[in-house]
């Protein structure tokens, strides 16, 4: 058997992952060299590399040999498939969740939930305990995963950590971004906790999933105060002044602000608007936006690719990863929080 080339034996999984994102000739050579190895040689390389540095990612390095635009074996176009199939239990679960949301999410309903939850007197808990509780939650609005939410949290965080190793606040943002779903354990149905968000009080955006039919029983659809292009808003009023449908995005954003989290402003943007798909993916509501919102959009889009395209990734070793993320929680969101 030929010996493994010296250039390859010097590599670790971390270097290989970094090389994948680089276009320089050295990285290209290293990738070519590793790809050319036999199966046994790759095993020997991985075995040697394992002892050289601590693991930095839950992603299997072999998965990075796959073509772009395919995420862990799943093509981009296969994500967010909201087609209707009565024989598919997951698709039916998703459809029912959205139809109920779109029927009941009115201006008055959203105001009522704000009044209830933004008193921050429901319970007290640190962030880790809330995240652990999400191990019991499967998001009924999500067509791309049927696993507990805490798994998705670590998948997102670890992919961000791999590609943005110096931005620890970004790693933590990936971990906690869905923590607002804790409302589902306090007598809230999932349809007003999970799923895509949208502004209430104006005409429904054309790209809202199922929106061509799902709002037909919503009373605001027929209310002249709310069913016009601008509704209750002024032109270019800005994201900050929109009343979004109530859900986990807005709730976690408000919890973090209330508890004086030390995250940078772009983290708050990512958390507050990551589920606003009709805007950041569909291009709706431009008539309500400001120039500043274009900056917000770039942050949300950067976050979104990790939130969405990690949902078919390998299952992370959560117990092994907790020590790293506990330090980040202590750094940015310490202590017991008011929820």
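Each residue's number is its place along the chain shown, starting with 1.
Glycine too: its Cβ is placed from the backbone N, Cα and C atoms.
What TrEMBL lists as substrate binding site is 80, 139, 140, 141, 181, 195, 196, 274, 275. Annotation comment: TrEMBL describes 152, 177, 178, 248, 274, 307 as Fe cation binding site.
Shown on the structure are the features that TrEMBL records.
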residue : record                 : DSSP (3 states)
140     : substrate binding site : coil
152     : Fe cation binding site : helix
177     : Fe cation binding site : coil
196     : substrate binding site : coil
248     : Fe cation binding site : helix
274     : Fe cation binding site : coil
307     : Fe cation binding site : helix
Response to the item:
Smallest Cα-Cα separation from residue 181 (substrate binding site) among the binding-site residues 152, 248, 274, 307 is shown by 248
Worksheet item: With the Fe cation site defined by 152, 177, 178, 248, 274, 307, which remaining residues of that chain have Cβ atoms positioned within 8 Å of the Cβ centroid?
Response: 153, 156, 249, 271, 275
Worksheet entry | Rounded distance in angstrom between the Cα atoms of residue 275 (substrate binding site) and residue 248 (Fe cation binding site) | 9
Item to complete: Using C-alpha positions only, work out which of the binding-site residues 152, 178, 274 is nearest to residue 196 (substrate binding site).
Response: 274
Worksheet entry | Rounded distance in angstrom between the Cα atoms of residue 248 (Fe cation binding site) and residue 140 (substrate binding site) | 13
Discussion item. Between residue 152 (Fe cation binding site) and residue 140 (substrate binding site), how many Å separate their Cα atoms?
Written reply: 14
Response to the item:
Whole-number Å distance separating the Cα atoms of residue 178 (Fe cation binding site) and residue 140 (substrate binding site) is 13
Worksheet item: Per residue, counting other C-beta atoms within 10 angstroms of the C-beta, which of the binding-site residues 140, 178, 307 reaches the highest number?
Response: 178
Worksheet item: Given residue 307 (Fe cation binding site) and residue 140 (substrate binding site), what distance in Å do their CA atoms have, once rounded to a whole number?
Response: 16
